[in-house]
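To start, the structure under review is shown below, and the notes come after it.
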Amino acid sequence: MRTLVYLAHPRPDRSEINAPMFEAARGIEGITCVDLYGEYPSFEMNVDREQQRITEHDAIVFLHPLYWYSVPALLREWQDLVLEHGFAYGHSGHALDGKVTFNAVTCGAAAEAYTPEGANGAHLRTLLMPFEKTADLCRMRYLAPFALFGAGRAVEEGRDKSHLAEWRSLLKALRDDTLDITAARAALSLNGFTAAGAAKLEAV
Amino acid sequence: MDLLAAGFVYLVAAVIAVPLAKRLGLGSVLGYLIAGLVIGPVLGVVGGETVDIQHFAEFGVVMMLFLVGLELQPAMLWRMRAQLLGLGGMQVLGTAVLIAAAALVFGVAWQASLALGMILALSSTAIVLQTLGEKGLMPTAGGKGSFSVLLTQDIAVIPMLALMPLLAVNAVAGGHDGHGDSGHGAPAADAHGHGHGAPTLFDTLPDWAQAVAVLLIIGGIIVAGRTVIRPVFRFIAEARLREIFTAAALMLVIGIALLMNYVGLSPALGTFLAGVVLSDSEYRHELESDIEPFKGLLLGLFFITVGAGIDFQLLLSNPVGLVGLALGLMALKAGVLYVLGTGFGLRGADRWLFSLGLAQAGEFAFVLFGFAAGAGILGAEVIKPMTLVVALTMLLTPLLFILYEKVLAPRAVRTEDRAADEIDEAGSIVVAGIGRVGQIITRMLVTNGHKVTVLDHDPETIENLSRIGFRAYYGDATRPDLLHSAGLEDAKLFVAALDDREKQTELVHHVAKTYPEVTIHARAHDRHHVYELERAGAHLAQRETFEGALAMGRDAMTAIGYHPFRAEAASRTFRSHDREALDGLRESWNESGVSKSYIDAMRAHSQTLFELMKADRHDTHDRSERGWTPPPKGDASL
Ligand SMILES: Cc1cc2nc3c(=O)[nH]c(=O)nc-3n(C[C@H](O)[C@H](O)[C@H](O)COP(=O)(O)O)c2cc1C
């Protein structure tokens with residue numbers, strides 16, 4: 001699948017996880033990478049260009065930190081302006097039909113917080129419901145999120161390297177069409193879906 | 001009395017009477033008439049030279065028609081065609097026919113009756129427009145209707161001037177001999193060439209050749225107006241000498257008048273035509289402002305001579321008859337207007353305003369009386385009493401307005417305002433100066449569908465702009481009269497974008513004082529200029545280089561490796577800090593200009609900015625670093 005990665009991070013200079021993940025994606029052949037805040041620093045979205053971009057790809061990945069259980073503002077702006085009626089949804093809006101999409105999220109809180117019993121009272125996938133519903137309305141195929149929890153301490157605790165490795169193999173699997181899409185849509189999370197991920201899970 | 005002394009007497013009379021008349025709500029035309037009345041029939045200080053002066057002053061009428069032409073942009077006429085032809089056309093025709101019929105009943109010859117009908121059908125543009133404007137009644141349905149009718153009447157003067165000689169040919173055998181015996185004589189300006197002076201080369205041509213020559217000349221004026229006049233004016237404008245431009249404007253009007261005299265056509269007609277041709281040129285407002293004072297003075301002089309020529313004895317000998325005639329005339333005109341107003345959807349107060357406001361006869365009557373006398377259609381025995389009647393109707397007009405305001409309007413309802421009659425040609429935004437700054441502002445407003453009137457003193461830019469459809473006018477924007485004719489009264493917004501720092505301040509000062517209703521935005525050279533402009537009355541002053549430099553600073557940061565959003569945030573921080581500094585220093589500057597305390601305050605501000613900018617990623621919670629900071633690493637709540 002032609003794969004597009006959107007990075008939405010207002011402070012990449014200070015990012016410990018998202019910036020390296022973006023760099024990693026850029027290092028993979030056949031993946032298109034767009035730094036949203038870099039391209040639209042004053043929030044003046046070029047809607048035509050963005051629509052063209054997503055039209056030309058089969059998988060659209062949103063790479064972002066979790067900000068207030070949602071995405072950084074420019075990505076919301078992107079949704080509001082790019083997903084137009086007649087293009088993305090509505091009677092004659094079929095540009096996105098069948099495309100694959102998911103959120104690659106980093107969260108400050110620990111994994112336990114994102115369970116029904118935890119502090120947030122729900123899984124991350126449940127909390128990202130607005131994005132899933134948006135994808136549904138645009139007739140896209142929404143996959144479970146790919147997440148890193150406790151992102152603020154990941155570097156100190158040495159979890160960043162393995163996350164980056166799994167991210168790389170996930171993107172490659174997408175690109176090469178080797179990901180089990182049906183299972184990925186049904187899961188709670190994309191972590192552990194690829195060989196690298198499975199190996200990691202086993203090690204735990 | 002020699003001419004200088006006579007001129008002095010006229011001026012004294014005018015200077016006293018006109019302001020008084022205006023204060024009493026009578027309008028300037030009546031003021032002039034009264035001034036003439038006082039120095040002529042009442043005091044008898046002027047006498048024989050009145051006629052000479054009147055001939056000279058009649059040139060004011062030629063100028064007036066030039067100005068009327070200038071106001072009549074073909075596009076605007078086309079937009080108003082229904083109102084003009086319907087309401088206006090029927091008023092002129094209907095009233096003229098009824099008055100002519102009445103005159104016939106009084107035993108006047110049919111040709112003279114027809115002439116009287118046409119002449120008296122006209123109302124006083126000067127009095128009515130001024131009164132409507134003063135009382136704020138222009139935007140009402142009644143006011144708009146009145147405007148349409150007055151405009152039609154102004155245009156109707158042209159065919160009337162053309163028709164009169166035909167009536168004369170039929171009325172008086174050998175009309176070519178001239179009839180200089182009426183008190184008014186044959187107006188030099190409106191001279192029907194055949195009647196006066198030595199025969200010209202033109203007169204020796206056979207009739208068909210004369211007709212061809214006339215057509216050629218009219219065509220020539222139109223073609224020259226479109227092709228030659230523009231480059232000529234541009235050449236003159238480039239010299240940047242105000243008085244030479246004025247001289248050129250006068251030259252144009254006088255030249256056309258002479259040419260028309262030569263071929264035996266009405267000079268008024270010729271200059272009117274020239275005015276229309278130039279009405280959509282970029283020199284329009286400049287021409288208007290240049291000719292206006294001459295026209296005003298000459299026309300004033302003309303009205304004084306009319307006043308001086310009034311036969312007082314006549315009025316005293318038959319006051320009841322003349323006042324009765326005046327009242328009858330007004331009743332007849334008001335009746336026609338009332339019926340037409342009803343037909344055109346005017347109701348209540350608007351219909352009353354429309355009917356009563358236009359019921360008087362107008363200043364054009366004096367002009368046309370002179371013309372008709374010259375052509376031998378009307379004799380002194382008709383003109384003398386009718387001049388009195390016209391003056392009386394004008395005198396009664398303020399009373400009718402009072403009747404309307406105090407008695408009729410409060411009891412009546414207004415008709416719905418119709419948006420369709422958009423007569424205000426003046427743009428709702430006026431931009432002065434279309435240099436590097438004004439251009440961007442104007443383009444932005446125009447692309448967003450706003451009407452913008454642009455003023456600039458660079459003929460080349462202006463011409464290029466009008467070529468691509470901008471409404472741009474040549475002229476020095478610091479001149480009050482030009483601002484006035486550009487329609488600043490009704491403007492929503494005035495943007496001062498002059499290059500010259502001093503002129504810019506002066507301009508803002510003048511506009512703020514003269515048009516307190518208008519919002520003023522001004523381009524400033526630097527921060528001190530911002531304060532100066534604010535003090536001069538600008539509601540908003542922007543440093544012209546600031547936003548551009550800020551953008552360049554942001555781009556510089558990006559170029560050397562900053563993330564674009566980081567650079568953007570830095571420029572935003574810089575902007576808001578700089579604005580704060582501007583606000584913070586205002587008081588100090590206003591009190592003592594660039595004093596020691598001002599400089600100290602300025603230093604303090606730049607120090608803060610420096611600290612702000614130098615704060616690095618680990619000094620978290622200052623202004624530019626605060627954004628998007630994750631919680632501290634050890635926070636247990638996560
Ligand atoms: C404005 C803001 C809002 C945040 N909201 C959340 C949140 O709702 N849930 C959460 O788990 N972490 C939250 N965080 C923590 C970020 O998700 C965390 O800092 C980020 O994922 C770290 O990745 P990075 O180093 O690539 O920036 C927030 C951080 C910021 C700055």
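Please read every residue number as a count from 1 along the shown chain.
Quick reminder: no glycine exception, Cβ is built from N, Cα and C everywhere.
As the structure is a computational prediction, the values presented were derived from the model and not from experiment.
Taken verbatim from TrEMBL:
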{"type": "COMPBIAS", "residues": "B:629-638", "note": "compositional bias 'Pro residues'"}
{"type": "DOMAIN", "residues": "B:426-545", "note": "domain 'RCK N-terminal'"}
{"type": "REGION", "residues": "B:618-638", "note": "region 'Disordered'"}
{"type": "TRANSMEM", "residues": "B:6-22", "note": "transmembrane segment"}
{"type": "TRANSMEM", "residues": "B:29-47", "note": "transmembrane segment"}
{"type": "TRANSMEM", "residues": "B:53-72", "note": "transmembrane segment"}
{"type": "TRANSMEM", "residues": "B:84-106", "note": "transmembrane segment"}
{"type": "TRANSMEM", "residues": "B:112-133", "note": "transmembrane segment"}
{"type": "TRANSMEM", "residues": "B:145-168", "note": "transmembrane segment"}
{"type": "TRANSMEM", "residues": "B:208-229", "note": "transmembrane segment"}
{"type": "TRANSMEM", "residues": "B:241-259", "note": "transmembrane segment"}
{"type": "TRANSMEM", "residues": "B:296-316", "note": "transmembrane segment"}
{"type": "TRANSMEM", "residues": "B:322-340", "note": "transmembrane segment"}
{"type": "TRANSMEM", "residues": "B:352-380", "note": "transmembrane segment"}
{"type": "TRANSMEM", "residues": "B:386-404", "note": "transmembrane segment"}
Taking the transmembrane segment (B:145-168) as the first stretch and the transmembrane segment (B:6-22) as the second, find out whether 3 or more Cβ pairs fall under 8 Å, excluding pairs closer than 6 in sequence.
no
Reported mean pLDDT - the domain 'RCK N-terminal' (B:426-545):
87
Could you break down the residues of the domain 'RCK N-terminal' (B:426-545) into DSSP helix, strand and coil, giving a count for each?
54 helix, 27 strand, 39 coil
Distal contacts, the transmembrane segment (B:29-47) - CB-CB under 8 A, six or more residues away
1, 6, 9-10, 13-14, 16-22, 124, 126-127, 300, 303-313, 363, 391, 394-395, 398
At an 8 Å Cβ cut-off, counting only pairs 6 or more apart in sequence, do the transmembrane segment (B:386-404) and the transmembrane segment (B:208-229) clear the bar of 3 or more pairs?
no
Check the transmembrane segment (B:296-316) against each of B:6-22, B:53-72, B:84-106, B:112-133, B:208-229 and return whichever range has the most CB pairs under 8 Å.
B:53-72
